[in-house]
Amino acid sequence: MVQLNQNFINSIAKDMPDHLSMDEFISYCAKPLRPSIRVNTLKITTADFITMMNAKGWQFEPVPWCEDGFWVKVDDSVQLGNTVEHIQGLFYIQEASSMLPPKALFPEPIEDATSLTLLDMASAPGSKTTQLAAMMNNQGLLVANEYSSSRVKVLHANVQRMGASNLALTHFDARVFGKYLFESFDAILLDAPCGGEGTVRKDPDALKHWDESEIEAIASVQRDLIESAFLALKPGGSLVYSTCTLNRRENQDVCLHLKATYGDAVQFESLAGLFPGAEKASTSEGFLHVWPQIFDSEGFFIAKLTKIAAVPRNSEEPRKQKNFPFTPIDKKSRQALCDYFDTSFGIKLDGQGILMQRDDEFWLFPTNVDPLIGKIRFQRIGLKLADALKKGFKPRHEAVMALADRLRGIPLDEAQAIQYLMGRDIALTSKEKPQGERLVSYQGAHLGLVKHLGNKLKNSLPRDLVRDKICSSSAMAVDQQATGED
């Protein structure tokens, strides 16, 4: 049962537009959220995914502001997060409202992102980060930052699962970006830490202990963050500021603070025409203030601005950092690595990015990262491709999953796919010539690596990716599987 603090209701009533009803707001807060997903177009087309899952009984209702987003209806026995398709990274379970900020940043499809350098200032768990990576088609550079140590691991796991390869991960208080990467980014998403007032439909206790006195402390951090973002933004660049909270002080007032600080250099962009019906949530400034009852979603706030003029630095330029541990790969190793990936997996490494080496490790960096090297410390850049062995290479799961052509995998059926994801070997029905490292796939999408030994496929799935619980995405198959268990 949802817990709405009466003090919260009294406070938020001051910010609610006159055309909205408090009774309706309270009613919608008590309703469970409709499950929603975003198809990962880095791994499958939206049309192919819909066709594939319609055959399994899934029903889809389009999210108006995201071409790849859908509210879904599935059988109660289907656990979305435990399906093979979810583990493969074919879709992300993402609340519909949280698909809005990336759409606001890029209202039109990006035709060519190779020259773009983006920053996602508060990335975890990765829904918007991976949405941006898909919109960029893994081109250009996306710097994904997360301050919380406990959430960095979750961010990396989701980035890896979704096959995003154009990322560089950082782990900082995002207030440093304006100083260390001054006017370095073409576009920035700041999904700011907030009071979370819009999440009560997902977390019934989110507002149980709501305290108005905490808002100013949160808003103070948000003001610092939006200033840092603005300083890190190139002149002419776009900044989207968003929260999952509802009060004005964490939303409109933070944006107006930036305007008051930097004046005519800040130009607000209206989002009233972002999608059909967006005007229902539009404010006088052109921001979107999404109350739960407007679109039957979580509460959210989204603002977009353009930096129309350069601004002065507010601190000295930091000294360049030294001792970067990576060097460009030598010519001989480069040729051997490229030949191996081409022969084994059909992956053409040339033209994909910058090939780098650290000791016996080989990495693929996004092309645009070089100007940022030495200005800030990265936790991880791009993809680790392989480790060098005495003879040959040991390929990395995440690299092959992100780069390999969909048609290259050894096809498995659903039962075999589930066995594989549980860490088990796959027996072959007839003995064949051993083929070494290979990919296995299910429904045309990759599952991971195996070693083809002739009589079986030896599982090479990293141990941290092995799952104990996996369910079928088909209600009928789930029932059959359950019947077979004792």
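Just so you know, glycine gets a Cβ as well, placed from its N, Cα and C.
A helical conformation is recorded for Lys128 (S-adenosyl-L-methionine binding site) in the three-state DSSP classification. The S-adenosyl-L-methionine binding site annotation in Swiss-Prot covers Ala122, Ser123, Ala124, Pro125, Gly126, Ser127, Lys128, Glu146, Asp173, Asp191, and the record cites sequence analysis as its basis.
Swiss-Prot lists Cys244 with the feature active site, nucleophile, giving sequence analysis as the kind of evidence. Its Cβ placed at the centre, Cys244 (active site, nucleophile) has 24 other Cβ atoms within 10 Å.
Max Cα-Cα distance over the annotated S-adenosyl-L-methionine binders (Ala122, Ser123, Ala124, Pro125, Gly126, Ser127, Lys128, Glu146, Asp173, Asp191) is 20 Å. Around Lys128 (S-adenosyl-L-methionine binding site), a 10 Å sphere centred on its CB holds 26 further CB atoms from the protein chains shown. Across the fold, the C-alpha of Ala124 (S-adenosyl-L-methionine binding site) and the C-alpha of Cys244 (active site, nucleophile) stand 14 Å from each other. Rounded to a whole value, the Cα-Cα separation of Gly126 (S-adenosyl-L-methionine binding site) and Cys244 (active site, nucleophile) is 15 Å.
In this structure the C-alpha atoms belonging to Lys128 (S-adenosyl-L-methionine binding site) and Cys244 (active site, nucleophile) are separated by 13 Å.
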